[in-house]
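Below is one structure, written out as structure tokens; the observations come after it.
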Amino acid sequence: MPELPEVQHTADSLGIQIAGARIARVERLDWTRMVETPSPDEFIRLLTGRQVRGWDRRAKWILLFLDDGWTLALHLRMSGSLTVHPAEAQPDKHTHLALRLEDGRQIFFLDPRKFGRARLLDSAGLAALDAAHGDEPLSDAFTVERLASLLRNRKRAIKPLLLDQSVIAGIGNIYADEALWRARIHPLRPAADLSAAEVAALHDGIRAALRQALANGGSTLRDYRNSYGAGGTNQEHFNAYDREGRPCPRCGATIIKTVVAQRGTHYCPACQAIPSATTNRRE
């Protein structure tokens, strides 16, 4: 699933290309379950003729700000991508939403697994989407102290907590593994048991893993492409994720893959060992 870096690159590469453009019509919507709100018919009616005024990202949602206070929110889920094409381009069978711009260009929402979602939101709907998600981990407000407050008194294992979009927004399986590796924290550690030093290391690890991925254009393992059709290279720089059976870049121990909260999880058993029960509680 595209995570914060991939969604950010998609939002930026799409927004740069279509800012100021007007949506002439919805050319294709052949998987109506993609549209969460409003009804598919209303979605088509309200979207027609709207101008793209700007763009942003919230959590793993791409936000296209339209005129008259509407926002088109798009979620790529597992296999989605958004690309811009010339007028004569023909969508393939996996393109379930196609928008025709007034200048003739087209926006294709390609989604082989049909998990992608679209919402057309008014100001109240946008506020609700924002409120449903937690802290943005690259924002100035996401300090070490803020992370400590989010983890305090939470007995959940740290990895599923990092994946909880209502707590911290935008982190998925890849960057949870990478952040925990950087911080030398076992993915099953209870969040509340992390020491102050470990919380600081995790804060640094989260931001470093995400910033590295942004600098490398995101991670392309299977489907991810930005809106120019280009993949990322961050997968060439993984330290733990997708490295089962390979040596840890830091200590040389063999990276292990296990399952945590029903998610494949990669970690180093030496660097990320679980410490004794009473030595690491936060002061």
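The backbone N, Cα and C atoms fix where each Cβ goes, glycine too.
Spatially close to PRO2 (active site, schiff-base intermediate with DNA) yet at least six residues away along the chain are THR10, LYS60, LEU76, GLY80, GLY172, GLY218, TYR224, judged by Cβ distances under 8 angstroms. The secondary structure of PRO2 (active site, schiff-base intermediate with DNA), as reduced to three states from DSSP, is coil rather than helix or strand. Residues or ranges marked as active site, schiff-base intermediate with DNA in Swiss-Prot: PRO2.
Look at Swiss-Prot and you will find GLU3 (among others) tagged as active site, proton donor. Within 10 Å of the C-beta atom of GLU3 (active site, proton donor) sit 24 other C-beta atoms, taking all shown protein chains into account.
Residues annotated as active site, proton donor in Swiss-Prot: LYS60 (among others). Counting every protein chain shown, the Cβ of LYS60 (active site, proton donor) has 22 other Cβ atoms within 10 Å.
Taking Cβ-Cβ distances under 8 Å and a sequence gap of 6 or more within the same chain, the neighbours of ARG263 (active site, proton donor) are LYS159, PRO160, LEU163, ASN173. Here Swiss-Prot flags ARG263 (among others) as active site, proton donor.
Other C-beta atoms found within 10 angstroms of the C-beta of ARG113 (DNA binding site) number 11, with every protein chain shown included. According to Swiss-Prot, the DNA binding site annotation covers HIS94, ARG113, ARG154.
Note on the zinc finger (239-273): residues 157, 159-160, 163, 173-174, 177-178, 180-182, 184-188, 221 of its chain, located 6 or more positions outside it, place their CB under 8 angstroms from a CB of the stretch. The zinc finger feature in Swiss-Prot is assigned to 239-273.
Reported as a whole number, the C-alpha separation between ARG154 (DNA binding site) and GLU3 (active site, proton donor) equals 24 Å.
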